[in-house]
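Visitor: Once you've had a glance at the structure underneath, I'll fire off some questions.
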Amino acid sequence: MANNHSHMSGINSHIEMGSLDGRSVMELEDESLVSPRPMDRKTSSLDVVPRGSFFNVGTEEFGCKYILNSTLNSIKIVLFSSKLNLLASCGPLAIVVDKLTNHHGWVFFLSLLGIIPLAERLGWATEQLAFYTGPTVGGLLNATFGNATELIISMHAMKSGMLRVVQQSLLGSILSNMLLVLGCAFFSGGIVHCSKEQVFNKASAVMNSGLLLMAVMGLLFPAVLHFTHTELHFGKSELLLSRFSSCIMLIAYGAYLFFQLTNEKNLYAPINEEETPMDGSSDDDEPPEISKWESITWLFILTSLISVLSEYLVNAIEGASVAMNIPVAFISVILLPIVGNAAEHAGAIMFAVKDKLDISLGVAIGSSTQIAMFGIPFCVVVGWITGRPMDLNFQLFETATLFMTVLVVAFMLQEGTSNYFKGLMLLLCYLIVAASFFVHIDPKSIQDKPKTNS
């Protein structure tokens, strides 16, 4: 019998095997409603109630005990299953330091460390939910909630009027996903599987590269219009073009989502024949650790915590730049995205080591595509609605950096193969980008320079 992860099919299999043990159909239905685990030979870590206790207690007592035990077990899994959660204490500490002192450098540093485990847990909760949604929707959920941290930080920065921080943090997220995350995935997978060349779905990678080039086009024209002084209406045409292009990019991304959801068979399908399970069971996949509704609940809780901490982080950026003598551009483009991409980073490496490069590409390149085609245009539209002049003019230096990055990654993906040397080249490219932004002075923030020197 094929291994099916749905609840009802698990119950049906027990009925066919004659394992009813005198239980009524109503008892079975109640059991399927409250039990989040698949009832097959694999049991999840939520199996905290002994099987005998299901029928030794009344329905109400069983329901209360089960809810209490599953809640406690869920908290235990989320909070104590990762050593990275030790950094979570930095979040409350950052709030205390902000209230009691005026050390913006420490507030920024502690907030940065506090967001890392929250971002990682957010990615983990998304992966748990993906068990119940299928590969296509799961991939989209991973990309969406993987970028939630960056979008939350961007919204707080826009609320504070720090439009350059919004632009640079979103740009940095694209650069980090395409060079650092994908580079680490290629390098790790290549080292573990050094005896062979890893392969992935070339068609999906090429489609994402095309969307990224379209995003570069959307960012390039406002910047060129500005620096060539060829605007029809000076100071207005650039903003109007940005808003028009953003609407077009959102329509294109919507069409891309529709294409993905209506062509599931072509997406996230392993290209290696040995990866395709022949017996109906997944090769080495583990069952989900928490239920679907627990995953949704934790997504809301973690998103709210990240939102609170992001406000302290954004408010401390300029003070931290002065205190640590680090350019705001470097903080926005390099440091913030590394924290926001913690979940993608760990996930992409893990899947590459398991020789599932299609999923790694879906995480890294998919996240870059979503930020470029949805995140940036969305912020422009939100700025339009709220009366803030957010545009697609990312300045010449940043736009050129993005253009070269997309070209390099597109050339790396065109063969449909990967090895550790390609990963190493992407990582070295990221080091060049990081060094460039460390010595880069943002023209729009040049008025802040005297503050830095004081």
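Cβ atoms here come from the backbone N, Cα and C positions, even for glycine.
Bear in mind that TrEMBL entries carry predicted annotations, made automatically and left uncurated.
Copying in the features that TrEMBL gives for the protein in this structure:
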{"type": "DOMAIN", "residues": "105-261", "note": "domain 'Sodium/calcium exchanger membrane region'"}
{"type": "TRANSMEM", "residues": "106-124", "note": "transmembrane segment"}
{"type": "TRANSMEM", "residues": "130-153", "note": "transmembrane segment"}
{"type": "TRANSMEM", "residues": "174-193", "note": "transmembrane segment"}
{"type": "TRANSMEM", "residues": "205-228", "note": "transmembrane segment"}
{"type": "TRANSMEM", "residues": "240-259", "note": "transmembrane segment"}
{"type": "TRANSMEM", "residues": "296-314", "note": "transmembrane segment"}
{"type": "DOMAIN", "residues": "296-437", "note": "domain 'Sodium/calcium exchanger membrane region'"}
{"type": "TRANSMEM", "residues": "326-353", "note": "transmembrane segment"}
{"type": "TRANSMEM", "residues": "359-384", "note": "transmembrane segment"}
{"type": "TRANSMEM", "residues": "396-414", "note": "transmembrane segment"}
{"type": "TRANSMEM", "residues": "420-441", "note": "transmembrane segment"}
Visitor: Should anything in the same chain at least six residues away from the transmembrane segment (240-259) have a Cβ under 8 Å from its Cβ atoms, list it; otherwise answer none.
Guide: 140, 207, 211, 214-215, 218, 221-222, 225, 233, 369-370, 373-374, 376-378, 380-381, 384, 390-393
Visitor: Select the range from 174-193, 326-353, 359-384 that forms the most Cβ-Cβ pairs under 8 Å with the transmembrane segment (396-414).
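Guide: Going through each listed stretch, the top one turns out to be 174-193.
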Visitor: Considering only Cβ pairs within less than 8 angstroms, which of the stretches 205-228, 326-353, 420-441 has the most against the transmembrane segment (359-384)?
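Guide: By the under-8 Å Cβ criterion, the transmembrane segment (359-384) pairs most with 205-228.
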Visitor: Quick check: do the transmembrane segment (326-353) and the transmembrane segment (205-228) share at least 3 Cβ pairs under 8 Å, counting only pairs 6+ apart in sequence?
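Guide: No, these stretches are not in contact.
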Visitor: List, by number or range, the same-chain residues at least 6 past the transmembrane segment (420-441) whose CB is under 8 A from its CB atoms?
Guide: 175-176, 178-180, 182-191, 194, 326-327, 329-330, 333-334, 397, 401, 405, 408-409, 412, 449
